[in-house]
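Everything below concerns the one structure shown next.
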Amino acid sequence: MTITPQQLIALLPLLIVGLTVVVVMLSIAWRRNHFLNATLSVLGLNAALVSLWFVGQNGAMDVTPMIRVDGYAMLYTGLVLLASLATCTFAYPWLEGYKDNKEEFYLLVLIAALGGILLAGANHLAALFLGIELISLPLFGLVGYAFRQKRSLEASIKYTILSAAASSFLLFGMALVYANSGNLSFLALGKSLADNTLHEPLLLAGLGLMIVGLGFKLSLVPFHLWTPDVYQGAPAPVSTFLATASKIAIFGVVMRLFLYMPVGNSEAVRVVLGLIAFASIIFGNLMALSQTNIKRLLGYSSISHLGYLLVALIALQSGEMSMEAVGVYLAGYLFSSLGAFGVVSLMSSPYRGPDADSLFSYRGLFWHRPILSAVMTVMMLSLAGIPMTLGFIGKFYVLAVGVHAHLWWLVAAVVVGSAIGLYYYLRVAVSLYLSAPEQLNRDAPSNWQYSAGGIVVLISALLVLVLGIWPQPLISIVQLATPLM
């Protein structure tokens, strides 16, 4: 197989991030310098983002039988790169107070970003599995990065064992699907799964096992039990990556899989996915009601957000708007989560033991950090889906798609879930404006808005507000990002 210059250009983001991994590795071996390695990582991720413009000029193509680079792959690659950049930016001040080796953190984030980029363009079950493993394996190390904290170590062990189990389910499911159809590429699977074979027990068993594996990675009920513990135990910058990059990349590839394989035509699969979505929305919101730890609360809320997205996935066969709804929703979810976790990261930096993640740490924050409180309030309103924020546009899209596909019980679940969610998001927002406690246990640095992490948080808040009032630029970008059929 010969690779043409066009194919090399199409692979630019993947190649640049891969090269950055090698450069950072050599740089660590040569001399440990936190600032140098952080800068190299951020430069590499920025270069990969810029290279997307050249990829766009190049047009859509199948680079190898496993990777398809089209507008859809570019959109999700961009979102993963933004999330990875934000993670590195939040990690820098946090690592300043960290006593052990700091530089490997960036290495692990870059390798995970590589997995996310691979998933965005995956067109083959082998690429899907490789991408998921490339994202998961570095996360084992990242979740336990603050290994002197018992919580962090426990979270890492839980995530490692459960993730390995989920991967084996996924692999076994793929093996059964392959045994039934003789193909691994999404398109060929779609052709061989024309409606007549969708009732064969072997195939349904394979799809069921794949749903278990993917449901774990997306933390959908009932495969969600690791989520709150891991979000709470992982350092704040790592929770940012877990909540954004890994969820977005994996949901992106599942969306493409369902688009090419008409699985949604099978009544059994639709019912199972519908029940999972319903349970995720209701359970995620109900469990978040009683949380006093912000990272746990955001962990439970991410379960419900994935439930909302699943509604759009189930409605995929009934129209074009599902792809658009998912793109807009994920962009809104990305910026809102980056802002919320960014505030927690700023409050927790530099590293000095546990993160500032208890709700009590944020009481009365407004009276000494007014702008930071305003940012956190905007993020909470956006995650709750209040009008004038980007979160509302995404919610509205999901509801519209559900109504269009006549999924009435799921639309009702989304409405009820959003109403429950309003309570706990506003609880966080209100606590920022209460009277401050006598002695502060944690606080953000006084010049936080001039730090790189502060700038990322402010830009996220600005985007959530501006795109919430005028979403057309985002909608246009998402409409361009159609997968090559």
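First residue shown is number 1, and so on along the chain.
Positions of Cβ are set from backbone N, Cα and C atoms, glycine also.
Under 8 Å from some Cβ of the transmembrane segment (8-28) lie the Cβ atoms of residues 36-37, 40-41, 43-45, 47-49, 51-52, 54-55, 58, 61, 63, 67, 69, 77, 81, 103-104, 106-107, 110-111, 113-114, 117-118, 121, all in the same chain and six or more residues away from its ends. Positions annotated as transmembrane segment by Swiss-Prot: 8-28 (among others).
Look at Swiss-Prot and you will find 35-55 (among others) tagged as transmembrane segment.
The transmembrane segment feature in Swiss-Prot is assigned to 75-95 (among others).
The feature transmembrane segment is assigned by Swiss-Prot to 105-125 (among others).
Cβ atoms under 8 Å from those of the transmembrane segment (159-179) belong to residues 125, 129, 132-133, 136, 139-140, 143, 189, 202-203, 205-214, 216-217, 223, 225-226, 230 of the same chain, restricted to positions at least 6 beyond its ends. What Swiss-Prot records for 159-179 (among others) is transmembrane segment, and it gives sequence analysis as the kind of evidence.
Sequence annotations record features per position, and here Swiss-Prot assigns transmembrane segment to 203-223 (among others) based on sequence analysis. Residues 132, 136, 162-163, 165-181, 193, 197, 246-247, 250-251, 254, 263, 266, 268-269, 272-273, 276-277, 279-280, 283-284, 299, 302-303, 306-307, 310 of the same chain sit 6 or more residues outside the transmembrane segment (203-223) yet have a Cβ under 8 Å from a Cβ within it.
The transmembrane segment annotation in Swiss-Prot covers 271-291 (among others).
If one looks beyond the transmembrane segment (297-317) by at least 6 residues along the same chain, the residues whose Cβ comes under 8 Å of a Cβ in the stretch are 218-221, 224, 227-228, 230-232, 239, 243, 247, 251, 254-255, 258-259, 262, 264-265, 270, 273-274, 276-281, 283-285, 287-288, 291, 323, 325-326, 329-330, 333, 337, 340-341, 359, 383, 395, 397-398, 401-402, 404-405, 407, 410-411, 413-414, 417, 421, 424-425, 428. Per Swiss-Prot, the feature transmembrane segment maps to 297-317 (among others).
The transmembrane segment annotation in Swiss-Prot covers 326-346 (among others). Panel annotation: around the transmembrane segment (326-346), residues 75, 79, 82-83, 86, 90-91, 93-94, 236-237, 239-240, 243-244, 248, 251-252, 255, 294-295, 298, 302, 305, 308-309, 312-313, 355-357, 372, 375-376, 378-380, 382-383, 389-391, 393-395, 397-398, 444-445, 448, 451, 453-454, 456-457, 460-461, 463-464, 467, 471, 474-475, 477-478, 481 of the same chain, lying at least six beyond its termini, place a Cβ under 8 Å from a Cβ of the stretch.
The transmembrane segment annotation in Swiss-Prot covers 374-394 (among others). Tertiary proximity for the transmembrane segment (374-394) is limited to same-chain residues at least six positions away from its ends with a CB under 8 Å from its CB atoms, namely 301, 305, 325, 328-333, 335-337, 339-340, 343, 362, 365-366, 418, 421-422, 425-426, 428-429, 432, 457-458, 460-461, 463-465, 467-469, 471, 474.
With a cut-off of 8 Å between Cβ atoms, the residues of this chain six or more beyond the transmembrane segment (408-430) that come close are 274, 277-278, 281-282, 284-286, 288-289, 291, 294, 297, 301, 304, 307-308, 311, 314, 359, 362, 376-377, 380-381, 383-386, 395, 398-399, 402. Here Swiss-Prot flags 408-430 (among others) as transmembrane segment.
Proximity of distant same-chain residues to the transmembrane segment (455-475), defined by a Cβ-Cβ separation under 8 Å and at least 6 residues beyond the stretch ends, is recorded for 85-86, 89-90, 324, 328, 331-332, 335-336, 338-339, 342-343, 346, 371-372, 374-375, 378-379, 382, 387-393, 449. Swiss-Prot lists 455-475 (among others) with the feature transmembrane segment, giving sequence analysis as the kind of evidence.
Within the same chain, residues 13, 17, 34, 38, 41-42, 45-46, 48-49, 52, 102, 105-106, 109-110, 112-113, 116-117, 119-121, 235-238, 240-241, 244-245, 248-249, 252, 327, 330-331, 334, 338, 341-342, 345-346, 348-351, 445, 451-453, 456, 460, 477-478, 481 sit at least 6 positions outside the transmembrane segment (75-95) and bring their C-beta atoms closer than 8 Å to a C-beta of that stretch.
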